[in-house]
Amino acid sequence: MKGRRPSQSGKVSERSSRRQLENEQLVKKPDFLKAATLGQIFVVCSQQLGGLEDGKITKLQFRKFLMTEQICFVFNLMGLGLSVMQYDLEFEEEDEDISSWLLWIIFISTLALLVLTVLRYQQHMNWQKSRKQISQNDKIWQTEQWYPMLIELIIYCIIPYPFTIGMRVYFYNSFQDAMAYYHVNEILALIMITRTVFIFRTILAQTFWYSNRTQRVCNLYACEGNYMFVAKSLMRTSPYTSQFIALVSLICIFGYGVRICENPLARNDPANNNLGRYANALWNIIITITTVGYGDFYTRTDLGRFVIFVVCILGIFVISVMVVTLINSLVISTLESHAITVLERIQLRQNLTQSASQVVLYSLKIFVALKKGNLSKVQLKILLIKLRKNLNDFKTSRRQYRNKQDVGNMNEEITNQFSLLKSDFSDVIEKQKGLLQQNQDIMNKLGVEAKPYISCPQL
């Protein structure tokens, strides 16, 4: 029995020390309450929550992303420009050596563009990782970016190749009732025009609306700051400039596409090469995208008609957006409506004064003429007609002025009533604040914990 007492006392002391440590941990203040400033509390809380994005790191990653985007833009634009030059050489079937060299340059630049595109998406992922949008261990194939990256890589692979130079695709043209042919590289150059989508994407990424700060604001308001957001922002801030640039770009791009589609018909009939000339193709796109359609130039190949069909769809969209923008710009605001109402009242007052002066003038003329007795019946009748006309004008102007004055007074009365209601609500809110403060003081004196009241917003 004596040998068991020390062990039991040791267990008791161990339990008591353990309970004491638990009590100390319970009453121990959190780490963020030890911080001296609000900034330190924010840092401690952010560390406990897994950390927040560092502004300098996100800016650096965003600049790297923009730099990669700009390099891709240069290679993309270079490939498109060289394809335009190579198209004319291969169509004329002259200078095959120069055409072959241009094709090899396009091919090499496309390979570099493919590598840069993968780096671009990787850098975009690094930017998202710095902003804590995705996990640090995520790969491209584990996110939603692999699908648009794959589509972009496939589009970049559709180029005129040096291996397909001289290859032809024959087709029957019902308009000429003869066989015509495309070069394979001509069709590939036509499909290559779809690259311009990524050129516009790069242009949108260089604007203010796709900056690192913009992304933070979008996250604050729970919206996605993507390229559609940039387009909407530009349409709101500078609608006419954005629509003009979009319209001119569509005309130039699709004009080149129509020229590629219709130019093979010139091989059979060089004198009737209407849309094979770029100026005529541009005119055809202009009258098509604006839904005019004179019919002086029209496509005669199935491929050209498909391009014009796409232009018609885009033309309906562009013209509709332009009409909506014009209507929105002509909407009168509340302040402009008040100003117009005041100016209308001033104008009606001037008309009322003028018509009243004419009534007085013709009345005096008739009175003086009758008093002197030198007025014939015809002259009296003419003066009476003019007097009656000015009286009607005076009545009409007075009625319009009173109606406009009543409308203006009604608007002022509504505004005054809203001002009175606002002041009444402000007084009620102040009284409620005082009552809540008194209730809180009473609860504190009674020793009852009272929840702090939430202050009402200012009207």
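Even glycines carry a Cβ here, placed using N, Cα and C.
TrEMBL: automatically predicted annotations, no manual curation.
According to TrEMBL, the feature compositional bias 'Polar residues' maps to 1-11.
What TrEMBL lists as compositional bias 'Basic and acidic residues' is 12-22.
Residues or ranges marked as domain 'Potassium channel' in TrEMBL: 275-328.
Residues annotated as region 'Disordered' in TrEMBL: 1-22.
A Cβ distance under 8 Å defines the sequence-distant neighbours of the transmembrane segment (71-89), meaning residues of its chain 6+ beyond its ends; these are 95-96, 98-99, 102-103, 105-106, 109-110, 112-113, 116-117, 120, 156, 159-160, 185-186, 189, 192-193, 195-196, 198-199, 202, 256, 260. The annotation transmembrane segment is assigned in TrEMBL to 71-89 (among others).
According to TrEMBL, the feature transmembrane segment maps to 101-121 (among others).
The transmembrane segment annotation in TrEMBL covers 146-167 (among others).
For 187-210 (among others), the entry in TrEMBL reads transmembrane segment.
Residues annotated as transmembrane segment in TrEMBL: 240-258 (among others).
For 278-299 (among others), the entry in TrEMBL reads transmembrane segment. Sequence-distant contacts of the transmembrane segment (278-299), counting only residues of its own chain at least 6 positions beyond either end whose CB sits under 8 Å from a CB of the stretch, comprise 247, 250-252, 254-256, 258-259, 261-262, 305, 307-308, 311-312, 314-316, 318-319.
Beyond its flanks by at least six residues, the transmembrane segment (306-327) meets 235, 239-240, 243, 246-247, 250, 254, 257-258, 261, 284-285, 288-291, 299 of its own chain at Cβ-Cβ distances under 8 Å. The transmembrane segment annotation in TrEMBL covers 306-327 (among others).
Comparison of 101-121, 146-167, 187-210 by number of C-beta pairs under 8 angstroms to the transmembrane segment (240-258) places 187-210 first. Averaged over the domain 'Potassium channel' (275-328), the predicted model has a pLDDT of 90.
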